[in-house]
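As annotated by TrEMBL, ATP binding site applies to GLY478, GLN479, THR480, GLY481, SER482, GLY483, LYS484, THR485. Feature annotation from TrEMBL assigns coiled coil to 379-406. Marked as compositional bias 'Low complexity' by TrEMBL: 656-677. Annotated domain 'Kinesin motor' per TrEMBL: 409-781, in sequence order. The region 'Disordered' feature in TrEMBL is assigned to 655-682.
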Amino acid sequence: MNTDAIVIVSAARTPIGSFNGALSSVPLNDLGTVVIKDVLKRANLKPEDISEVIMGHVLTAGHGQNPARQASVGAGIPYSVPAWSCQMICGSGLKAVCLGAQSIMTKESTIVVAGGMESMSRAPHIMQMRSGVKMGDATLQDSILTDGLIDAFYSYHMGITGPVEVKADEFPRHGSNIDAMSKLKPYFVKDGSGTVTAGNASGINDGAAATVLMSQSEAQRRGLKPMARITSWAQAGLDPSVMGTGPIPAIRKAVEKAGWKLDEVDLFEINEAFAAQSVAVVKELGLNPDKCLGKLRRERDNDLHTQRQNHQQQRKVQKSTHAALYKLLSEVQMLKQDLRDVFTIYVGFAKELEEQSKQLFECVGTARNAIQDSQSDDLQKLQGQVTALECSLQEEKERCREERELRGNIRVHCRVRPILQFDHIPGSPTTNGSSSCEAVVQAVNDDSVFVNCAKTSSPVMNKIFEFERYNVCIMAYGQTGSGKTHTMIGSRSEDPTAAVQDSQQGIIPKAANELFKLISEKPADSHTVEMSVVEVYNNEVLDLLARDEDGVTVGVKREVITTSTGTSEVPCLTYELVRSSAEVMQLINSVLKLRSHCPTLVHMDSSRSHFIVTLTVTSKSPDALALARRLQNARQDVQRVSQKEWWSPRCRRAASSRSSSPASSPCHSPCHSPRPSITQPPLKTKLQLVDLAGRMSGVTGAALWESSCINRSLSALSDVLGALAERRPHVPYRNSKLTHLLQDAIGGDAKLLIMLCVSPTQRFLTESLQSLGFGARARQVQREPPRRKNTALKINITVKMLKAIGQTFFSSGLQNPKSTTQQSKGEDYEVRTYHTTNWVSTAVTGMEQDSALSTGFRRLFKYIQGNNEKKSKVEMTAPVSCLIEPGAGPACESTFTVSFYIPEEHQADPPKPTDPDVFIENRKELTVFVRTFGGFANSESCRAELLNLIESLKRDGMKFKEAPFYRAGYDSPFKLTNRRNEVWLIKDEE
């Protein structure tokens, strides 16, 4: 057993509430939680430091099993710490402290929280109903009496066992006397012999108290000062008939256990239910009350002496305070009088100031009117001069534009970069003795570049000029390391979120900023911008915005074709809808890592491919539509065909681009609309921004092949410009994928700006002269004046170039449903996801596929021509799809569902068909495997291509549904070459 003394280091209690008083609404366990938290805080202990919690109480007050456990958990003590309740009626709380001390002495616990808690107000009434009530009345019982105050052996109230009557008591309230106490009626025995009244009995109360126990050595280890030491304790039982005398044997045992004598104890606290019991205990034990009363009297006398001294001190303070207050009062009264005088003076000043202000305002008004009258004539003259100057500037602007158009539409601008670190090569003088890093190329003025060398070179014109409402191409040309990429894109930070200074931005971000700034000034939704990014690497065109099945951008190979209108386009090229310049640069930065780079003799990060960014602007302005109608009327005779021929199910048109969908070029279509239409598609113009790869030499290995492809493509570009300058009948656009792709910008009706980037040093003099010679040849090209697009959008970038990007009516394509292309495992098919859209459809049953398709096409054509509830004409779209559901057997009919995609302007509210065989179909998101083929499609060719697609999908292990399947066509029957047909198999998502 532990011989170390047990000490109390912390104690706390709640206020004691009367029966149904202030604490009657607080549950028993919550009272315990409050005091447990407080004693832990006072002892500076954590909940996890506690070893055991013991709380005594008479009643559970209807709060379930083990309220001590509930209070412990509520105080934050871990679940692993045991907590339990003990019940010893009035001595329950003190018994809990004794049990805690025993637990520490036996080394079962280190730190124990022990105390008591009671909520008499919340004790419920009970009824013995377990066995049922067959007859008679059932009576509610007060659990306070049953469980707390009724003797369990003799079934009588403990109050009737107190026979001793005392003459004075201070418990109920101070000032009680024998006369007042004698008038109180007995509560339990009412026949005249009762002695227990409300004045000499303990109250029924609510409250809780707790202590923290530990060994003295533990308290020293933790630096805690004990409040008390537990020396001994004892308990005793007795006959219930003499209830109230229990403290007599218990005190004797405790004193004997401590090795003391009764007269050695200075203070006894005897707590029992009734005041008379303590008198019996004192007499039985032979205690001397005077010993305690003498101490109490001395304390009372000291208190009275202290009170008298305090009272005298207060009177002195009051006298001095009153004198000071009287003095302050007189001073305040004098101050109030002074304030009245000041206020009177202030009122006089205010009135005088008001009069002077009125006079001043009248003078100012008179002067202002005089000045306005004198300036009105001068202002009118100035406004007239400003108006005349604006008109003169506008006329000069138009004159300069017309002059530039007469001179042609290829412009050359030269940019000389500063000397960089890699220009310095120690010990490498040139043949004439000058240093290799000496600056020999410099801009003389805004029009010329001076080259300091023995060879005579014609100056290259460098005039800044303006483009207005044209398709425009800006091309950066020069050797490796001359600053082409910096010119087009500008400085790039390692941190993608860091802002780039305006002076460090390239042509692309500045053009995008100005473009969207001007679009923001236009009516909402009047213009949209789509963007594509490709690179020409080793004479192959790669789509850098194409995504794989996981949505990751990957470079996908594309082909360049020449349409029936003579323009070039890239089928299935991916376009992204962009709404700000930030989105443009975000896309460019995301695909720049896909661009091919390798170190060269000039610098360590040289671009090895031609980088082409295309911004396509779609304009929905009324002016553009009016122009489309005028162009249609002007060429109506050339383009007119019979309506019967247009109904042919084999008529398709090339797809125009949509956001995030692979399609044909958004500016051109392989076939024209043969039918007259008042409503035309929006006008489209484009801005192409090209960062050409630079020439280089002195490389080996794979870089040698890259260098060869770059040099050949640049030579092809030079040959094309030479052919245009000499007006040859044949221009070799197809000698390179680069020139084929840029055919419309170089030799078409677009304006072309060539940005020559040259090095200033002697080291690269040969390459600089070659670049300047290229620019000189480009300036000699004379083409037809560029055709101006009728659109209100104007774009002003650093070199004041693009003002409008339009689209002529006869080169526009049909609208396509929005889709997203994913990366496929094979190169002979695509994986395409169509978004949720509305289609107009009709179902035809029969044995012949081509016949059913023709029948369905005629029904749908009547719908778009006005056979609907709104009597409105709907534009033709592409593709015309046919869902084929094969019959169950060779002699069974199949179902063919022919569908037209509903244009964007009718997607939200499609016109309802009046033909009962035609219906609006809401086609949910659909992922299909697509195989594209040319020629005139029929049931046999579609069947053959479908088998090829199935074989390819099985080869790559793709899951698909063999039925139903789709057939789709894009072209008019009058288109003879470059036709586009497709078969679709639905992806199996299970």
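Every residue, even glycine, has its Cβ placed from backbone N, Cα and C.
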Check your understanding: Excluding GLY478, GLN479, THR480, GLY481, SER482, GLY483, LYS484, THR485, which residues of the same chain place their Cβ within 8 Å of the centroid of the Cβ atoms of the recorded ATP site?
Key -> ARG417, ALA476, GLY694, CYS757, SER759
Check your understanding: Including all protein chains shown, what's the count of other C-beta atoms within 10 A of the C-beta of SER482 (ATP binding site)?
Key -> 26
Review point. Using DSSP and three states only, what is LYS484 (ATP binding site)?
Key: helix
Practice item. State the three-class DSSP label for GLN479 (ATP binding site), counting H, G and I as helix, E and B as strand, and everything else as coil. Key: coil
Point to revise | Neighbourhood of GLY478 (ATP binding site), C-beta criterion under 8 angstroms, separation at least six | key: LYS484, LEU692, GLY694, LEU756, CYS757, VAL758, GLU767, SER771
Check your understanding: Relative to the Cβ position of GLY481 (ATP binding site), how many further Cβ atoms are located within 10 Å?
Key -> 23
